[in-house]
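Report on the structure given below.
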Amino acid sequence: MEELAQVVVDVPTMQTNQPYTYAIPAEFRERLTPGMRVVVPFGKGSRVIQGFVVGFINQSDYEGELKAITSIVDLYPVLNDELLDLSAWLAQLSFAFRISVLQTMLPNVMRAKYTKYVRVIDEIDEDVLFSIFHGQDEIEFDEAQMEPATVSKLLDLRKHNQVEVSYQVGNRARVKTTLGIQPLLEFEAYEEERAGLTKTAAKQSTLISYLQTLKPTDVIAKKTVSEVTGLSDAIITTGEKKGWLAKVPMETYRDPMKDYDIQATTPLELQATQAEALAAINAADGTAKTFLLEGVTGSGKTEVYLQAIANVLAEGKTALMLVPEISLTPQMMRRVRGRFGAAVAVLHSGLSDGERFDEWRRIERGEARVVVGARSAVFAPLENIGLIIMDEEHETTYKQDENPRYHARDVAAWRSAYHNAPLVLGSATPSLESRARAEKGVYELLLMPNRINNHPMPTVQVVDMRQEIINGPESNFSTDLLAAIQDRISKGEQSVLMLNRRGFSSFVMCRDCGFVLECPNCDIGLTLHMDTKSMKCHYCGHEEAIPHQCPNCQSNAIRYYGTGTQKVEQELQELIPGAKIVRMDADTTRKKGAHDKMLTAFGNHEYDILLGTQMIAKGLDFPDVTLVGVLNADTSLGLPDFHAAERTFQLLTQVSGRAGRADKLGEVFVQTFNPEHYAIKLAQMHDYERFFRTEMQMRHAAKYPPYYFTIKIQASHAEEREAALKMSQVGRWLKNQLGTDAIMLGPTPRSIARINNRYYYQIVLKYRQPEELDAALSELLERAQSEAKHGLQLSIDREPLSFM
Ligand SMILES: Nc1ncnc2c1ncn2[C@@H]1O[C@H](COP(=O)(O)OP(=O)(O)OP(=O)(O)O)[C@@H](O)[C@H]1O
Ligand SMILES: [Zn+2]
Ligand SMILES: [Zn+2]
């Protein structure tokens, strides 16, 4: 019998991928299973921490006496065998520690919370006993809530061994309950009760009749009872007093879509290319095959997804559908819910912790069989997966930019292999990497080159803004675009205008001395936020007032630069006073459900113009949108990053695709200072294939992905010298490990060298053999753990989103 448990512990400052071995107390044996969380003693003293049981062993080669598990957090495993296996693999792949992968797999609320207690263990001063401990021998130690003087007093007491600190691990997840009603009597007994009522007690009689309709095991929400019977709370309470019913707590789910009014839909009759794509996917049922569904905007990819999902559901399997960021695409959520109803769970960043927890439990219990969600939904605890879909597979939001630095596509591929289920990657503009794999036959390419009913793609005009500036006053709107907007308003049609804000922000500069307001903790300018009327640092959160005078030369010539969506909205309103404009950006969509409300109102023609940031580029499907304007195509081109052309092409193609999707023709205006750039010209011609070939040649010549694999290694430290030293040491060590065709860039300071008072140095590696470096880099990471104590942090990022 297994007597020892292997536990991956949660110690942020001392991480390792090695599980620790703990004895299992007799009362837990047989009851404990892998995937449960436990509380275990760790290190010296009374410190206890949380950990995940990942397996059992019979023997340990540990010499001393093994510590035993203190208690169990979960009554059932929170992670199944598949996810435990996945976590081990993913930790390796993404150079992360297994504990951080395990934590990432769980909804936020289920992550550990520690409560600390201070207990008096020796005689202490009466005054202190009363002022701090209120006469008790133990209090909760919450440094955030305590006066600094109290904390320092406690530190002294601790030093003299008069108090000790204990830790308790709590579970923050709370099941939501509501009041339920349970019948207590048999049918006949209710009749006797009724006989004893006075004639005027008609309402009590109604309650009895209702209770007689219930089974003895029924628990009905009190709210429902009131609704069905029309009885007041007072009558129900009377029933309780008379012993007819019991009030009991009942578990409920928080439904993140309860405020959405969703229309049920039925499958559409497919067009020829859709039917071919669907047939190929259905035929792959039961095999781990990957498809790249390359379909132009408006070609009907979503309908193919929905029917493929229906196919696996009919076989009793489940389906996982990933979308780039679901809070930005309420339309997709509606479409999937509209087709599959309550069988659909949604997981995305717009949910409250409670809603997330409830959706997660519905999945885990098998009540939800389709999951639609953003990046982390790839870990949804679905069993028996029959199909995985990744919509807009090229989107960068699928890569997590912090620890663990995983790409959802890799995880999806692993789960597809585990379940022998097909994986469908869909996009109008596939990532070069995926398209190249399709070229090599690693993925099967499914093409949908035309819009539904062979409806034409929109015509795209490129507007040369250099000319505009020469010809007229500075404006965000060229003459042609403005005329087109006015024309649409007069025809009752709608327009979508996008302000490209990638790598771009509003800042404050002094016109006299050129002074730019910078963050005191980071080497970067502060960003102007009109909603909070303050200057903020996007890296460390520092915030200060907007200066009205130059802090450097005291001049009043301080100016605000950069075009915010708000400013553009103002200008447009002045240019076309009657226009009804709805603005969608980070400021206006902060409130829950705001996206959906605005889009619904736009869809109902309450507005003529939808003006927004990149968040409006994807997924929108409105039949009366016949004009799309891109105000500044260049901001993403200007970034010093090899992805710049690809991202620009993708964005322009996506946003253009919003125009003319139904029977009316669409028109697009792209305003740019680089009208000759190939990314802009090829987007104008809707020519993905040529863009792919052109860009592949560039990447080949410059030795970039997908021809080379890339890795970014960063070290950071509060002392600049330490970070620089570490990276040059890493650089020297790596030189000896690298093959001849590998290329090392750096070490160099990162483009923003200091963030939150830490200095960053980095090395970027480009290499040809997939596993060439894995062992060396894992070793590097393990070794860096011992240096973490001295404040040095090291991170390794596989296929980084940028080299900056
Ligand atoms: N077989 C069909 N018959 C009629 N209409 C269809 C059919 N398939 C899809 N449509 C409609 O065509 C429109 C475009 O389809 P859909 O939104 O699925 O395209 P898409 O390829 O996902 O586009 P994008 O990449 O731009 O998001 C939708 O309004 C959809 O309802
Ligand atoms: Zn800062
Ligand atoms: Zn100045």
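Yeah, the Cβs are placed from backbone N, Cα and C, and that goes for glycine too.
Where the annotation comes from TrEMBL, it is an automatic prediction and has not been curated.
Fair warning: this is a prediction, and the values are worked out from it, not measured in the lab.
Among the features that TrEMBL reports, Zn(2+) 1 binding site is placed at C510, C513, C550, C553. Of all Cβ atoms in the shown protein chains, 13 besides its own fall within 10 Å of the Cβ of C553 (Zn(2+) 1 binding site).
C519 (Zn(2+) 2 binding site) counts 25 other C-beta atoms within 10 Å of its own C-beta, drawing on all protein chains shown. Sequence annotations record features per position, and here TrEMBL assigns Zn(2+) 2 binding site to C519, C522, C537, C540.
Under the heading domain 'Helicase ATP-binding', TrEMBL lists 282-448.
The feature domain 'Helicase C-terminal' is assigned by TrEMBL to 545-713.
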Secondary-structure category, per DSSP, in which C550 (Zn(2+) 1 binding site) falls: coil
Residue with minimal Cβ packing [other Cβ atoms within 10 Å] among the binding-site residues C510, C513, C540, C550: C513
Check: same-chain CB within 8 A of Zn(2+) 1 site center, minus C510, C513, C550, C553: R511, D512, G514, F515, P551, N552, Q554, S555, A557, I558
Residue pair C513 (Zn(2+) 1 binding site), C540 (Zn(2+) 2 binding site) - Cα distance, angstrom, rounded: 27
Same chain, 6+ residues apart, C-beta under 8 Å of the C-beta of C537 (Zn(2+) 2 binding site), given in sequence order: C519, N521, C522, I524, L526, T527, E543
Other residues, Cβ within 8 Å of C519, C522, C537, C540 Cβ centroid (Zn(2+) 2 site): P520, N521, I524, L526, H538, Y539, G541, H542, I755, N756
Other CB atoms within 10 A, centred on C522 (Zn(2+) 2 binding site): 20
Among C513, C522, C540, C550, the binding-site residues whose C-beta sits under 6 Å from ligand 2: C522, C540
Listed binding-site residues adjacent to ligand 3, that is, members of C510, C519, C522, C537, C540 whose C-beta is under 6 A away: C510
